[in-house]
Every structure is written in C-alpha cells, then in structure tokens.
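Visitor: Following this message is one structure expressed as structure tokens.
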Amino acid sequence: MTGAAEKVNLLGMPKAKLEAFFETLGEKRFRAQQVLQWMHQRGVDDFDQMTNMSKSLREQLKEVAEIRGPEVVYDETSKDGTRKWVMRMDNGNSVETVLIPDGERGTLCVSSQIGCSLDCTFCSTGKRGFNRNLTAAEIIGQVWVARRAFMPFDPNDRPITNVVMMGMGEPLLNFENVVDAMNLMMEDLAYGISKRRVTLSTSGVVPALDRLGEVTDVSLAISLHAPNDELRNQLVPLNKKYPIAELLAATRRYLSRLPDKRKATIEYTVIEGVNDQPEHARELVVLLKGLPCKINLIPFNPFPESDFRRPSMNATRRFQTVLNEAGYVTTIRTTRGDDIDAACGQLVGRVEDRTRRSQRYIAVQQVNP
C-alpha cells in the first residue's frame, strides 16, 4: 500500500476486529490489547511511541495502518464549565460534541451521523438534512479527542464518566458503527465506562431497537416528546412508521433482556402551547403505566428556522408536578453553555457557515486578485 488514504484507521476497531487485523499480519492476538491501551488509554497516535512492540512491527503498522481522529475546528468552554467542540470529519463534514461537567460526573454527548434524516420539527439538526453516517472511528474519535484534551489526568479522576449517544443523528440508523464505538467505550482496555453509563437515545427505529437488545445492554433513552400518536406524528414523523404502542413495546422487550433492573429514560421536549399542558402530562402518566422509566423534561431551545417557543419555567414545573405526583421520577434538564451556544446542532451550522463564507472570499480573491 502506498497512499495514506488506503491505510486502515485502527481507532474505530473494537477488540475482536483489531485481533483479526493483527492475525492478517501474522501477529499474535495480544497485540490488539497493546494497541488498544496505547490508542485509547494513553491517547497515542504515533506507532513509534508504542515501545512494547518490536521496531519491525511498528514499521509494518506505519505502512498499512494509521490512528487518525477528527480535526478540532472549534473548542470553547462556557462559564458553567460546559465544553463544546466542532470536529471536522472526512470529506470536510463537521459534527459537534459537548462535555457537561457536574460535580464528579462528566457526561459527553456524542454524534452518530452528519445531519439527520428524521426531520423532527423541533430539532435544528434535522433542518440541515442528512449527509452520511459517521464511521466507528469518527464516533469513538469524539471520545478520544475529548479525553486527550484533559491529558495528563489522575486515573481516579476521569474527566469523562458517562457517554450519551444524543448528539447529531439517529444512532439506530447507523447500527454497526454505533455498536462498535459503544463496545470501545465499555472496553476495559480502552475507556472502561460502565454499561450503565453509556446511553443510546433513539426516536424509535423499532426493528433496530430489538436488534440492539441482542448485541448489547447499554442504557436506553427514548425520545418520546408527545403523549399520543396524533401529536407525535407532527413532532416526530418517524412515528407514522413506528407508532407509540410499538415503540413502548420494544422498549419493554429491551429492558426485559437487561441483567439488572434498569429503567429507560423518557425524553420529552416541552414546547409552549404544543405539548406543555397539564392534560398532556396526565395523558403521559396513563401512557407510561407499568413501564420502568424516569422522565427527563427538556425545555425547547429556540433556533432561527423554528416558530416554536420555549415554555415558561412555571409551566414546565407544573408539568413536572403532575408526573412526580403520579410516582414518576421526573427531572428538568438544565440548559448549559448558553454563553457559547444554544441548541444542539446550531454550533456546527454556524461554524460551517463561517467556513463557507471564508471559502467564497478566497475564491473571489483568486478570481479578482
């Protein structure tokens, strides 16, 4: 192999695939363990630094493989400690990744696609349309970049304790790559994050949710956002294909396979005058009866292309009270990082807009020097 483009990126390979890769080189499978630790635990991307492998193997790896993460094009920390990155992937596409610190916990919100095809009416990402799925290397690369940003650090004081697949895209529409990336998150030789602390959020691709339960036992979040099909059809068009009853039945099946008594998280974006009334909350109580779950209320974050409005905090708390009194543990998501960005999906759009303007300016200057 001669071109760098032909090299295999090892960053997204879980242990089993990396072992198979080394076998094709005529090497023992334990080499995969060594490389996993170098890449993910130590943040190394240079084979020459992997000093517990022979020089000849390192030279061979440089010929056929690479360790390549996303390029950081934006990195800023808000007053409340929230840190946001825009990372450029292959083909010049960008995604955003957000780290939310909360005491001893650090939750990283990771993207699975560039854009999104679901076109949920309250989501700014969907307005950009769908471009492509991220590779496993591009997904785990977001964790890799974020972790490296804090190196060196005390192993007992890890900056990333939780990962949520809640960024741009629908994870279950990028099934294989998302599963590979989550396996790396939970791999003891890589990030060693507990399966309870890795959460996949889905709008409800029911067949893929059933398939997910056969291959992993990460925590589950359901993007519900409405207490009935009529309203959810308007907010989440996917509901027309997989209505609420089918989605909640699949959620029950998934939870029944877990080895522990874990609950699903029900995500509910609260939109003024749309789904924020006490009667909506009471309808939700009936809908979720018997489902092991907790509820996370997300006050709508306005963005330019939407006519929806953020509800008052009083309205959101009234909604919460109905659910709490019915016995559901219900929290209101705190808006973080307002001073550096607003809703998910807006930051990357603004950065790409600036990039396009810069490219147009350069092109004009080249034509008219």
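A Cβ is built for glycine as well, from the same backbone N, Cα and C atoms used for every other residue.
So Swiss-Prot lists the following for this protein:
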ACT_SITE  Glu96  active site, proton acceptor
ACT_SITE  Cys344  active site, S-methylcysteine intermediate
BINDING   Cys116, Cys120, Cys123  [4Fe-4S] cluster binding site
BINDING   Gly169, Glu170, Ser201, Ser223, Leu224, His225, Asn301  S-adenosyl-L-methionine binding site
DISULFID  Cys109-Cys344  disulfide bond
DOMAIN    102-338  domain 'Radical SAM core'
Visitor: Round to a whole number and give the Cα-to-Cα distance in Å for the pair Cys120 ([4Fe-4S] cluster binding site) and His225 (S-adenosyl-L-methionine binding site).
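Guide: If we compare the Cα positions of Cys120 ([4Fe-4S] cluster binding site) and His225 (S-adenosyl-L-methionine binding site), the gap is 10 Å.
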Visitor: Which recorded positions are spatial neighbours of Gly169 (S-adenosyl-L-methionine binding site) here, meaning Cα within 10 Å, out of Glu96, Cys109, Cys116?
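Guide: So the list reads Cys116.
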Visitor: Using Cα coordinates, what distance in whole Å links Glu96 (active site, proton acceptor) and Cys109 (disulfide bond)?
Guide: 9
Visitor: Taking every residue in the domain 'Radical SAM core' (102-338), what is their average pLDDT?
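Guide: Mean pLDDT, the domain 'Radical SAM core' (102-338): 95.
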Visitor: For Glu170 (S-adenosyl-L-methionine binding site), find which of the recorded positions Cys109, Cys116, Cys123 come within 10 Å, Cα to Cα.
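Guide: For Glu170 (S-adenosyl-L-methionine binding site), the recorded positions whose Cα atoms are within 10 Å come to Cys116.
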Visitor: Give me the count of other Cβ atoms within 10 A of the Cβ belonging to Glu170 (S-adenosyl-L-methionine binding site).
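Guide: Cβ-Cβ neighbours of Glu170 (S-adenosyl-L-methionine binding site) within 10 Å number 26.
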Visitor: Using CB atoms and a 10 A radius, I'd like the single residue among the binding-site residues Ser201, Ser223, Asn301 with the highest neighbour count.
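Guide: Highest number of other Cβ atoms within 10 Å: Ser223.
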Visitor: Compute all pairwise C-alpha distances among Gly169, Glu170, Ser201, Ser223, Leu224, His225, Asn301, the residues listed as binding S-adenosyl-L-methionine, and give the largest one in whole angstrom.
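Guide: Across Gly169, Glu170, Ser201, Ser223, Leu224, His225, Asn301, the widest Cα separation comes out at 19 Å.
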Visitor: Test of understanding: give the count of other CB atoms lying within 10 angstroms of the CB of Glu96 (active site, proton acceptor).
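Guide: Neighbour count, Cβ to Cβ under the 10 Å cut-off: 24.
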Visitor: Nearest to Ser201 (S-adenosyl-L-methionine binding site) by Cα distance: which of the recorded positions Cys109, Cys116, Cys123 is it?
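Guide: Checking each of Cys109, Cys116, Cys123 against Ser201 (S-adenosyl-L-methionine binding site), the shortest Cα distance is to Cys109.
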Visitor: Taking the Cβ of Cys116 ([4Fe-4S] cluster binding site) as the centre, count every other Cβ atom within 10 Å, in any protein chain shown.
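Guide: Other Cβ atoms found within 10 Å: 25.
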Visitor: How big is the gap, in Å, between the Cα of Leu224 (S-adenosyl-L-methionine binding site) and that of Cys116 ([4Fe-4S] cluster binding site), rounded to a whole number?
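Guide: Cα of Leu224 (S-adenosyl-L-methionine binding site) to Cα of Cys116 ([4Fe-4S] cluster binding site) measures 17 Å after rounding.
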Visitor: Relative to the Cα of Asn301 (S-adenosyl-L-methionine binding site), which of the recorded positions Cys109, Cys116, Cys123 have a Cα no more than 10 Å away?
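Guide: Passing the 10 Å Cα cut: Cys123.
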